[in-house]
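Undergrad: Structure provided below as structure tokens; questions to follow.
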Amino acid sequence: MNKAISDLSSHTPMMQQYWKLKNQHLDQLMFYRMGDFYEIFYEDAKKAAKLLDITLTARGQSAGQSIPMCGIPYHAAEGYLAKLVKLGESVVICEQIGDPATSKGPVDRQVVRIITPGTISDEALLDERRDNLIAAVLGDERLFGLAVLDITSGNFSVLEIKGWENLLAELERINPVELLIPDDWPQGLPAEKRRGARRRAPWDFERDSAHKSLCQQFSTQDLKGFGCENLTLAIGAAGCLLSYAKETQRTALPHLRSLRHERLDDTVILDAASRRNLELDTNLSGGRDNTLQSVMDRCQTAMGTRLLTRWLNRPLRDLTILQARQTSITCFLERYRFENLQPQLKEIGDIERILARIGLRNARPRDLARLRDALSALPELQQAMTDLEAPHLQQLAQTASTYPELADLLQRAIIDNPPAVIRDGGVLKTGYDAELDDLQSLSENAGQFLIDLEAREKARTGLANLKVGYNRVHGYFIELPSKQAEQAPADYIRRQTLKGAERFITPELKEFEDKALSAKSRALAREKMLYEALLEDLIGHLAPLQDTAAALAELDVLSNLAERALNLDLNCPRFVAEPCMRIEQGRHPVVEQVLSTPFVANDLALDDSTRMLVITGPNMGGKSTYMRQTALIVLLAHIGSFVPAASCELSLVDRIFTRIGSSDDLAGGRSTFMVEMSETANILHNATDKSLVLMDEVGRGTSTFDGLSLAWAAAECLAQLRAYTLFATHYFELTVLPESEPLVSNVHLNATEHNERIVFLHRVLPGPASQSYGLAVAQLAGVPGKVISRAKEHLQRLETTSLPHEQPRAKPGKPAVPQQSDMFASLPHPVLDELSKVKVDDMTPRQALDLLYTLQTRL
């Protein structure tokens, strides 16, 4: 990091100016505008050269020291900024604001913008499919206030959360690229370990000043209308976010219009492990392929894709909203109405982010062209929505209004294919502004004037070799060969002498030069002024335009879910008051799409008579797929979507937990088993009788007895909690749980062997598995044949010595547990087993002594 420089007297004037600005941004890279380049100095230069793979050089000396320097062309800055932002860096943009021609000493410069990962809005720096969120948190271990802002859409929300576990789960859900925390928090807290964590001064979180700034931003007297007046911690966090956004953008933020109070009670909570295991929008390798989002997303707009991702990551418990979405999807499916709407939506584009850039006053000409095209497409879109009877769709259609005046304004203002930036002009149409037209005409018609002037002067002077030209140094000129220069008329004023030629200027040419050269700069200045005025005009309509964008995004998601329902054979789930989870012919929506063979659908029934299924069967038999598909079906139902099942009936759940697969947490110093136990502990502490719990192979990472004991106790606890539980295990001993826990049942995934090869049937059947097929799976995996043969010998010996003599008795109506060897259990010695069955009271002393001698010979 750079160190602040307090004594600037020994530095050059340029470096004095640099350090006055740099001292205010020591922990951020500074791009310092020098002509056509952004130059980067000192420690910033060393860091940037390494990160951007550009040459590190030096720029003279200051204060007796060489100045490390690297630079990038200002017109190519976007690519470099994108790379730095992806690496988590923040960049201060320092521009020249003075005129080099009139400046005495260094040209005036000032910081015009600070680009941070959470406050970027440039299209080139953003992932169009993901929200770009920044969050701030305030509180202690008991209660936290969390504020979340998406500056690229204007979405601003607050909530209060109890405890670290819930806070970390929420941070995992929103996945902010920056997280602001108070500087007076102790070092090393869990939140600080997240990427993008930045400390801010404690007074940035002060409640009263935060309340005041929020009320000013939203033009309200208080925050009661947003339902968060009494959320002291959340208001403090929101105030910090607003301050940070203003600090980085250096402009007003008119697109931030309201604050939404979110409540965890309204949502189905998934912890970090569950989100990871279910691969909602990121797979276990960190990519997007073969995720739920990749299968469910055929949205026509980027803002629709982002909204769908938000829904998948925040399933709801509000029946009114869920049923309104179901009704909307059903309406779209009738007569395939979604097919009429989707092509129209595709014309809309990502106006949500375009409107945010307009609010930030950094919208580019192509943004306005896309907004023009979107507004022009709205009337036809409205026509496509006229026959939608669902009340929610009618409400969305009404909100997605038309804007004929704005569409006409942009049609008149912006050329069909504008340049990327306003910098060099050429954006506004001819006829939009008369003064601009005159200035551009004067500038653009200079060539014809020079042609006409040359012809007139040749005729007037009789000098056939006379030429009229222009260069950037000397401006316009009349050129004569040296031999003819003496014949120049008296009104020719010598301007430049060349080898073999003389150049002149005339009063007429000088007058034209003054007009033409200034016309271009004046035209560019006026075009920029008109462009800024156009942005201000659009800012005045931001509120309804943002409402329209939100309505169109939701229409996109709902029509997309209708298309998915049709093409993926999804059906509408039914929510009921009775506690239950009944799925007929359920399928895994992702696995089904990647299989080359038909997916085997399976049923599930959990209710007040059965709350837990103990699932046994071979590896690769489909246990994990069956469990995950249940969670995904339940989750899709709770976003209002149709689900991959022939039918589905369920009550609302409050949480979805998964304990499926673990790996070492090396950075945190935790083993695989420790990670597994931490996840299990979280489930046992927080699951309720409304939770869905998936437990896969609990207890694998320790000794057999320890693992079995922990798995058994955890299963008993969940059964007694009455959580909806799918408990997959290879501990065959757990199949006796139904004998002691009446809400537990056994099911298994079946398989068969043919010619010493295993065939997985993937069908879920009642009762426990009859055998594990472990050796067959090992053979399928390519374990050497001699190892398999030796394993069979060991297995035969273990089965001979370890089979229990008596199986537990089945309860009436429950299938008997089949006999299966337990290759890990340490069962009693046969002598001890026989001795335990002897009825000593029925024996004579002589019989007892004879038995003792007999048993002794068997030891």
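Numbering starts at 1 and runs along the chain as displayed.
Each Cβ is built from the backbone N, Cα and C atoms, and glycine gets one as well.
These figures come from a predicted structure and were not determined experimentally.
Annotation source Swiss-Prot lists ATP binding site at Gly617, Pro618, Asn619, Met620, Gly621, Gly622, Lys623, Ser624, citing sequence analysis. Per Swiss-Prot, the feature region 'Disordered' maps to 799-821.
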Undergrad: Check the binding-site residues Gly617, Pro618, Gly621, Gly622 for other C-beta atoms within 10 angstroms of each C-beta and report the one with the most.
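TA: Comparing the binding-site residues Gly617, Pro618, Gly621, Gly622, the most crowded Cβ belongs to Gly617.
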Undergrad: Using the Cβ centroid of Gly617, Pro618, Asn619, Met620, Gly621, Gly622, Lys623, Ser624 as the reference point for the ATP site, which residues of the same chain not in that list have Cβ within 8 Å?
TA: Leu749, Ala751, Phe760
Undergrad: By the DSSP assignment reduced to helix, strand and coil, which category contains Met620 (ATP binding site)?
TA: coil
Undergrad: Near Lys623 (ATP binding site), which residues of its own chain have a C-beta under 8 A away, given they sit six or more steps off in sequence?
TA: Ile615, Thr616, Gly617, Asp696, Ala728, Leu749
Undergrad: Specify the count of other C-beta atoms within 10 Å of the C-beta of Asn619 (ATP binding site).
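TA: Other Cβ atoms found within 10 Å: 21.
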Undergrad: Once the chains shown are all counted, how many other Cβ atoms turn up within 10 Å of the Cβ of Ser624 (ATP binding site)?
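TA: Excluding its own Cβ, the number within 10 Å is 22.
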